[in-house]
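Q: Features from TrEMBL:
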{"type": "TRANSMEM", "residues": "A:30-49", "note": "transmembrane segment"}
{"type": "TRANSMEM", "residues": "A:122-143", "note": "transmembrane segment"}
{"type": "TRANSMEM", "residues": "A:155-175", "note": "transmembrane segment"}
{"type": "TRANSMEM", "residues": "A:213-231", "note": "transmembrane segment"}
{"type": "TRANSMEM", "residues": "A:252-272", "note": "transmembrane segment"}
{"type": "TRANSMEM", "residues": "A:367-385", "note": "transmembrane segment"}
{"type": "TRANSMEM", "residues": "A:432-451", "note": "transmembrane segment"}
{"type": "TRANSMEM", "residues": "A:457-474", "note": "transmembrane segment"}
{"type": "TRANSMEM", "residues": "A:495-513", "note": "transmembrane segment"}
{"type": "TRANSMEM", "residues": "A:533-553", "note": "transmembrane segment"}
Amino acid sequence: MVEHNAKSIEGKRTIAASASKSVKTTRYSLWNFWICATALKVLLFPGYYSTDFDVHRNWLAITNKLPMGKWYLEATSQWTLDYPPFFAYFEWFLSQFVPKAVAEDGCLDIVEVGNFGFPTIIFQRTTVILSEVVLYVALQVFINTSDISEKSANFVMASSIVLSPGLLIVDHIHFQYNGFLFGILISSIVAAKNRRYLLCATFFSVALCFKHIFLYLAPAYFVFLLRAYVLDFSSFKFKSYKDLISIVQWPNLFKLAAVVIGIFSVAFLPFISTWPQLLQRLFPFSRGLTHAYWAPNFWAVYSFADKVLTVLVLKLPYLRKILSIVLTSMPKTAADIRFEIDSNNSGTRGLVQDVFFVVLPQITPKLTFLLTLFYQILAVIPVLFDPSFKRFVGSLTLCGYLSFLFGWHVHEKAIMLVIIPFSFLVPFDRRLLTPFTLLASAGYVSLFPLLYESQDFLLKFLYTFIWCILYFYAMGQTSKVNRSGIRRVFFFDRLAICYYLLLVPMVLAVQSLDVLKHKYVALEKYEFLGLMIYSMYCSIGVLSSWIGLSWLYNFDEPMWN
Amino acid sequence: MVAKKKLSSKNSGKKPSGNTPVIVQASSPVEATKKVEPVEAFFASPLYDFVTPFRPVGNQWCAKYVIVIFALIIRCAVGLGGYSGLSTPPMYGDFEAQRHWMEITQHLPIRFWYWYDLQYWGLDYPPLTAYHSYVLGKLGAFFRREWFDLETSRGYESLDLKSYMRFTVILSESLLYIPAVIYFTKWVGKHRSQSPIGQYIAAAAILFQPALILVDHGHFQYNCIMLGMTVYALNNFLDGFYAMGAICFVLSLCFKQMSLYYSPIIFAYLLSKSIYSPGFNLPRLFAISVATVLAFIGCLGPIYIFGGYKNLAQMSYRIFPFARGIFEDKVANFWCVSNIFIKYKNLFTPQDLQLYSLLATVVGCLPSFVITFLYPKKHLLPYALAACSMSFFLFSFQVHEKTILLPLLPITLLYTSRDWNVLSLVCWINNVALFTLWPLLRKDGLALQYGVLFVLSNWLIGNFSFVTPRFLPKFLTPGPSISHIDDDYRRDILLPKSIIWRIVIVGSYLGMGLIHFLDYYVPPSLKYPDLWTIANCSLGFSCFMIFWIWNNYKLFEMRNKTLHDL
């Protein structure tokens with residue numbers, strides 16, 4: 001058929017095609033994505049970078065110039081080393097490759113404020129791109145080891161992570177090494193999927209020694225490894241309490257303990273002499289509840305509610321009376337309230353300071369900690385009963401959520417800790433897509449204020465926009481449709497679509513507010529308004545996606561079969 | 001960049017999608033299994049790979065937007081780099097020129113536009129540029145007055161201004177050039193029964209042409225408007241709307257006089273269509289003439305009304321700077337390169353040179369003119385425009401290195417072709433043109449962007465697919481992501497089949513590499529400080545010359561063929 005067209009084909013191509021096997025396979029390789037993404041990332045070199053760039057440069061200098069004992073003591077610059085030791089080793093490793101021209105540029109000087117030029121930028125940005133290869137390798141292994149029936153869905157998911165606007169914004173513009181660090185975390189998730197539990201524990205411990213924010217995910221790992229690797233209920237019959245000993249697989253327990261303790265001692269033993277200092281650097285509780293820009297979490301809503309109530313209470317005396325019955329800590333008279341406001345002038349504008357609530361009760365670190373822990377325990381209990389990979393990733397995602405929603409001094413960047421585990425969950429069921437779309441769109445958009453310069457606006461906006469469109473659509477086509485899908489509440493799906501479509505006008509409106517503030521001086525007073533809109537609107541998305549996932553996680557039976 | 005996604009594994013079967021895609025049967029009589037393979041110009045290239053998920057009919061609608069948005073993202077990213085004249089007082093560069101025009105057009109009445117302080121970036125483009133500057137200047141001044149204050153804003157530099165200016169280029173391009181190119185590729189694809197996917201790949205290949213991105217979004221100019229209007233004119237000719245096409249072309253001409261390089265062909269084509277082929281068509285001739293005259297009146301009218309004849313004369317004097325030398329800086333054309341041996345400036349008066357260059361140009365574009373007149377066929381238009389504008393580039397007076405964008409436009413439109421030889425030469429000449437822009441881009445601090453876009457554009461169309469490493473461990477599986485391409489299939493580098501061409505092209509690539517190497521490591525002697533730049537121009541010129549000769553031959557050869565053979 002269509003013989004006449006055959007003439008026009010390249011002879012060579014025909015030969016090549018006929019010579020090869022007749023069965024065509026799709027390789028699902030991330031190779032092409034890597035090259036394209038790298039080209040884009042190199043083009044971002046001359047663009048904006050945040051103070052995190054100088055932070056990492058300073059760490060390069062500290063680890064290169066000082067003996068190990070002084071790494072966590074050095075404080076010439078305000079950007080002291082506050083990541084765990086593996087990251088310090090990593091910086092030391094990188095600093096061995098600093099070329100002479102870059103060192104002369106000021107890359108390795110321990111100074112108060114870094115004084116460097118383009119060579120340093122090229123060097124450090126290149127290290128980010130190269131170290132990110134870990135992420136690609138981990139995900140490629142994940143694709144290759146997955147079952148043929150789920151390959152396409154897993155490929156979509158994997159490519160959504162490597163092309164994630166979050167990594168682009170945070171790593172390649174703002175400047176951090178999240179791609180590399182999440183690469184290690186993902187390696188451990190992949191190992192868990194392949195039932196290589198020891199490997200899973202190894203990777204997770206390593207990740208933990210690179211960046212301690214992963215501690216938030218530790219409950220899920222702990223329970224999962226305990227249940228899946230250490231405990232064995234298959235032949236358990238209760239006759240006496242001695243039988244409890246036999247459910248523990250002692251060899252496994254010892255192997256696991258050896259691995260974990262080994263890794264931690266490699267990381268922390270060399271620093272044992274500066275131990276208190278190290279701990280203080282890693283866990284600085286002196287910071288406030290919320291960051292300067294409220295990350296879109298529960299406390300953002302709480303702070304916003306406090307602001308609104310303060311205004312309302314001042315205007316409406318009746319409300320004040322009613323509220324003061326419920327909230328006993330609240331100041332009783334209008335004069336008191338005004339005094340409180342004046343003495344604790346506003347929590348959002350300063351850099352890092354304590355947040356003070358006028359009407360609502362104050363929040364202490366202990367409270368946030370207990371709240372997080374409580375919900376995390378709820379999230380890991382199902383893993384105790386059913387240590388499947390699906391459950392594990394679900395609890396991991398929820399642990400991420402809880403640390404983000406209720407944690408103390410949460411950065412907006414921490415949203416990646418939720419989005420990435422969630423990505424692994426989406427291929428299992430189409431219904432998970434609704435909470436995922438809410439989370440990913442709100443989460444990525446909430447990163448926009450990190451790049452406040454006008455030159456990045458179009459870039460971040462277009463990239464996030466096209467990522468959302470492509471991947472929400474692609475995931476919808478590839479994720480499994482379980483029969484219980486009929487029970488989907490369509491109303492919520494539509495609402496979610498409305499939500500993330502409305503993000504576009506929201507972003508544009510805030511941007512025009514920003515552009516017009518030079519024109520209308522009056523608008524300058526409302527500079528924080530843009531940030532508040534961002535954080536409010538995004539917290540609605542993140543909170544509702546958490547509720548959606550929690551519902552499916554705890555109460556949807558067919559999904560977990 | 002990167003358009004990707006396994007949109008649906010389920011329905012992306014091997015069945016042809018859309019309107020009759022080209023299907024071919026790999027003839028291997030031994031095998032019982034029949035292999036059906038779509039013939040795509042860029043089969044197995046990364047672009048093909050990325051666009052594959054959009055093959056199912058249900059997904060086709062978004063391919064266009066995905067390609068456009070990724071093209072825009074790359075443009076934004078290039079825009080982060082430097083621009084012409086960044087922090088180089090007192091004259092700065094093209095960026096300041098454009099900003100200055102936005103400043104003077106909004107503060108001065110029209111009658112002063114072409115007279116005001118000509119020493120400092122006096123307006124020297126036709127009125128449409130001025131109107132365009134006026135509108136964008138007003139808009140910018142709405143946001144920040146100080147960007148465009150008369151006199152005091154000279155040399156104004158700030159990040160916000162840069163972002164705004166970059167944004168205006170992106171806006172202009174996405175309104176004019178990009179839709180025009182997409183329409184063109186779709187038209188050609190449709191009339192040649194190319195699969196929709198093939199059309200999108202061609203569009204993407206054209207939109208990722210590095211030279212235009214670097215000059216417009218890096219160096220800073222608005223060539224995309226002139227080129228976009230020209231493509232619109234072309235689209236109208238394809239659809240048979242001759243008067244409309246004439247108007248578009250006049251608009252292009254009134255934006256930058258450089259599109260005069262195309263005018264002989266447009267003139268020949270329209271004339272031939274009206275009086276000769278297929279016969280004398282008075283209404284058409286009338287419509288075209290009236291449309292052209294009206295478009296000119298519309299563009300030039302305000303200049304005349306508000307400044308009288310004198311203003312008009314001053315405008316043309318500014319636009320056609322015959323007072324300047326036969327070439328400026330170093331450019332890969334005949335005059336500059338032969339100037340190494342023959343010092344024209346000592347031998348001839350400028351008037352003589354003007355005459356000679358005019359003669360050379362006329363002789364150069366005559367073949368394409370005659371063929372277009374005798375065979376006014378749609379598929380010949382890109383070839384003819386390329387040949388004609390290339391002869392202008394090579395032989396005319398006062399040519400800038402950036403002017404290569406004009407011949408490059410019709411050449412790049414030939415990415416819609418299906419002929420391996422044509423594609424190879426298009427790709428080659430694009431690389432050569434990018435290479436000749438190197439001295440300019442280096443001066444603007446765009447070396448990084450130059451390198452990245454060279455690699456990216458070639459890699460996307462599959463020129464580097466042959467180097468896809470085979471030594472990497474199996475779990476890394478380099479190669480196409482989504483498309484069904486056999487494991488051991490490697491796309492060839494874009495090289496023509498003839499061995500002579502191969503030698504020429506590979507030789508020129510080696511030459512480029514050598515010149516870059518020397519440029520970087522060997523400082524030129526004091527006597528010839530421009531040695532490597534001249535080497536660059538000479539190599540560029542020889543390649544352009546060879547291409548131009550081939551182009552004319554191809555034009556001749558194609559005269560009796562049809563669109564299907566494009």
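Each residue, glycine too, has its Cβ placed from N, Cα and C.
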Q: Quick one: find which recorded stretch in A:122-143, A:367-385, A:457-474 has the most Cβ pairs under 8 Å with the transmembrane segment (A:213-231).
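A: Between the stretches A:122-143, A:367-385, A:457-474, A:367-385 has the largest tally.
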Q: For the transmembrane segment (A:155-175), which recorded stretch in the set A:252-272, A:432-451, A:457-474, A:533-553 gives the largest number of Cβ pairs separated by under 8 Å?
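A: Against the transmembrane segment (A:155-175), the leading stretch is A:432-451.
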Q: Sequence gap of 6 or more, Cβ distance under 8 Å, 3 or more pairs: do the transmembrane segment (A:432-451) and the transmembrane segment (A:457-474) meet that?
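A: Between the transmembrane segment (A:457-474) and the transmembrane segment (A:432-451), which are separate recorded stretches, there is contact, as judged by 3 or more close Cβ pairs.
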Q: Is the transmembrane segment (A:367-385) packed against any residues at least 6 beyond its ends, judged by a Cβ distance under 8 Å, and which are they?
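A: The answer is 216, 219-220, 222-224, 227, 289, 299, 391-392, 394-395, 398-399, 402-403, 406-408, 553-554.
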Q: Counting Cβ pairs under 8 Å that sit 6 or more residues apart, are there three or more between the transmembrane segment (A:495-513) and the transmembrane segment (A:252-272)?
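A: Contact between the transmembrane segment (A:495-513) and the transmembrane segment (A:252-272): absent.
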